[in-house]
Amino acid sequence: MSFVIAVPEALTMAASDLANIGSTINAANAAAALPTTGVVAAAADEVSAAVAALFGSYAQSYQAFGAQLSAFHAQFVQSLTNGARSYVVAEATSAAPLQDLLGVVNAPAQALLGRPLIGNGANGADGTGAPGGPGGLLLGNGGNGGSGAPGQPGGAGGDAGLIGNGGTGGKGGDGLVGSGAAGGVGGRGGWLLGNGGTGGAGGAAGATLVGGTGGVGGATGLIGSGGFGGAGGAAAGVGTTGGVGGSGGVGGVFGNGGFGGAGGLGAAGGVGGAASYFGTGGGGGVGGDGAPGGDGGAGPLLIGNGGVGGLGGAGAAGGNGGAGGMLLGDGGAGGQGGPAVAGVLGGMPGAGGNGGNANWFGSGGAGGQGGTGLAGTNGVNPGSIANPNTGANGTDNSGNGNQTGGNGGPGPAGGVGEAGGVGGQGGLGESLDGNDGTGGKGGAGGTAGTDGGAGGAGGAGGIGETDGSAGGVATGGEGGDGATGGVDGGVGGAGGKGGQGHNTGVGDAFGGDGGIGGDGNGALGAAGGNGGTGGAGGNGGRGGMLIGNGGAGGAGGTGGTGGGGAAGFAGGVGGAGGEGLTDGAGTAEGGTGGLGGLGGVGGTGGMGGSGGVGGNGGAAGSLIGLGGGGGAGGVGGTGGIGGIGGAGGNGGAGGAGTTTGGGATIGGGGGTGGVGGAGGTGGTGGAGGTTGGSGGAGGLIGWAGAAGGTGAGGTGGQGGLGGQGGNGGNGGTGATGGQGGDFALGGNGGAGGAGGSPGGSSGIQGNMGPPGTQGADG
C-alpha cells in the first residue's frame, strides 16, 4: 500500500495563497463588468445596436460564469482549510495512545534494568559534565554528554543498545587560569549495528597553560565504524599550546576505525582508530601549526588496510601510515608534511610521513609528500629621510646697464638614506635704466644619499627685471635641475621653477624655463627574496613478510615561490615655467615647463626555492615482491614576479604670460613627460630536487625498486610591467590683451612620456607600460 504524508502547516499556507488569488480575480472581474456589459452602439442604426447588444450579452455570460467559478473557488479553499485542521486534530488524537503504548512496552524493562527497550537516551545538562543516558536496549541512540564546567571534563556520550549510535561526548570546560579540560569520550555504538559517538572537543586553555585533549571516539559492536576523536582545545594566545586531538574509536567486527581529531595550536593530531577484524584503520588527525599529524590507525586482525597519516601542521611532519591487516592488507599512506610558514619552527617545511608496513600479505604504504618551502618575501624599497639643508641663494645684482643675478648654489648631498638638499634660488638681476635684466639660474638639487635617498629638488630661477624705457628685455632665470635618486634606489628630485621676467618699461619679458626633473634611480628596485627549499618526502612502507611490494617513497616538497621585486622609483617632476609679466606694450611670454625625469627600473623577482629530497622506497616482502620506487625530488618553486618600472615624471607646466599694458601675451609650453622605467626581470625558477629517494630492496623473487628521479625545475617568474610615462605639462595661460593691445596666445601642452620597456628575459616578458597623457593646450 502507499503512504500519504500530510503537513498541516503547508496545507494552511496553500489555502491562504489560493484565497489571495481568488480575491485578485474577483477584483479584476468587477472592474471589467461596467465597460463590457454596457457597450454603447457605434451609431443610431439597427446594425450598430445589434452588434452592441451581442457583445454586451457576451460580457453578461462571462460575469455569470465568473460568479459560479468564484463560488467553486471559495468552496475549494474552505475544504483545504478544513482538511488541514482535520490532520492536526488526528495527529493530536493519535499521539497520546501511541505514547501510552510505548510506555507500556518500556515499563517492565525500565523497572527491572533502569533502561527502556526503545528510545534515545537523555542528554546530559550543559555545564555539569553529566554523561548522556543510554539508548534503548533494542533500539535507540545514546544521549550526548553535557559540557563541563570551567576546568572540568565533559561528560561521556551514552551507549546505544542493540541498534543505534553512541552519543557525542561533551566539550571539556575551558580553563580560567589552568589548562582546559578533556572532552568526553564518545558513546559505544550498538552491539549489532551502529557507529561509535564522536569524542567531545577539549576545553580552551587558560592564560598560560594548554588546551584540553579531545575525547576518544566511541567503539562499536558487530557492524559499524568507530567514532571520530574530538578536536583538541584552543590555545589561549601567543606562547600557549592547544590540546592534542582525541584518538579515533575502534571499529566493529565489520567496520572502520574512526578518524583522529585535529590538534590545537602546537599540538599533534589524534591517532586514527584501529579496525577490529575486517575494515580499514582510521586516518590520523590534522596537526596544529608546528605539530605533526596523527598516525593512521592499524589495520584489522584479518583483512584490511591501515589508515592514512594525518596532514602535518605548519612546518611539521605528516603522520605515519598505519600498518596493514595482520593477514592481508596494505599499509596506509603517510601524511603530507606541513607547509613552511614564517615564524613557525624556523620557517622550515615538514617532512612527509612514512608509509605503513604490511604484515604477511600486502604492499607497504606510500610515503607522504614533503611540505612546500617558504615563499620569498617581496622586495621593499627603502624610504628617504628629509634633508632640511639647502644650497646658497644666488647674489642679487641691481644697477644701470645689463644686470644678471648670481646662480644659486647646489643643494648639499644627503647622508645615508637622506634626500639631497634643495638647490639655492637664483639671484635677482635688475636693470634700473631700461637695459636687460636676467635672473640667475637656480642651483641643482643635492646628490641623494645611498640606501633610498631621494634626489634633491632644483632651486627656483631668479627674477629678471628691467625698469627703464630703453627697450631692454627682462628674462627670468632657469630653474635648477633635480638630482638623480640615490645609488641604491631613490626618487628623482623635482626641477626648480623658472624665474619671473618682469618688465615695467616698454620691452619684452620672458619667464625662465623650468628645470629638468631628476631621474628615478637607474639601479634596480629591491629584489624579492628567494623561496625556501621543499620538505623531504616520507619513506615507503615495507611489503608483506611473505608476499608484497614495498611502498613508493614520497616526493620531495615543492620549493617556495620567490618574492616579487619592488617597483622602480619614479622620475622627478619637471619644474614649472616662469611667468612673463609686462606693464607696458612689450610681449610677455611664459617659460617652458621642464622635462620630467626618467622612471627607474623595477626590481628583479626572487629565485624560486629548490625542491625537496625524495623519500626512499620500501623493501619488498622476503619471498616475493618488488621494492618500492624512490620518491622523486620536489619541483622547484616559481620565480618571483619582476617589479613594475617606475613612473616617468610629469612635465612641468608652462609659465603664464601676463600684461597690464597693451602688449601681447604668450603662455609657455608644457614640459614633456618623462619616460617610464623598464619592468624588472622575472625571478629564476627554483632548481628541481636533485636527490631522489633510493629504491627499496626486492624480495627473493623480485627486484629492487628504481631510484627516484630529479624534480622538475620551477617556472621562471613573470617580467614586471613597464612604468607609465609621465604626463606632459599643461601649457601656460595667455592673459587677456589690454585695451588696444595685441592678441593673447596660450602655450602648447607638453608631449606625454613614453611607456617603459618590458620586463627582463629570464621571466615571462612584461607588458608595455601605457603612454603618458598628452597635456592640454593652454
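Glycine too: its Cβ is placed from the backbone N, Cα and C atoms.
In Swiss-Prot, the feature region 'Disordered' is placed on 125-163, out of the ranges 125-163, 515-553, 554-592. Cβ atoms under 8 Å from those of the compositional bias 'Gly residues' (402-429) belong to residues 382-396, 435-465, 472, 477-478, 480, 483, 486, 490, 493, 496, 499, 512 of the same chain, restricted to positions at least 6 beyond its ends.
Helix, strand and coil counts from DSSP across the compositional bias 'Gly residues' (402-429) read 0 helix, 5 strand, 23 coil. For the domain 'PE' (1-92), the model gives a mean pLDDT of 72.
Residue counts for the region 'Disordered' (125-163) under DSSP, helix first, then strand, then coil, are 0 helix, 2 strand, 37 coil. Here the compositional bias 'Gly residues' (436-510) is broken down by DSSP into helix, strand and coil counts: 0 helix, 12 strand, 63 coil.
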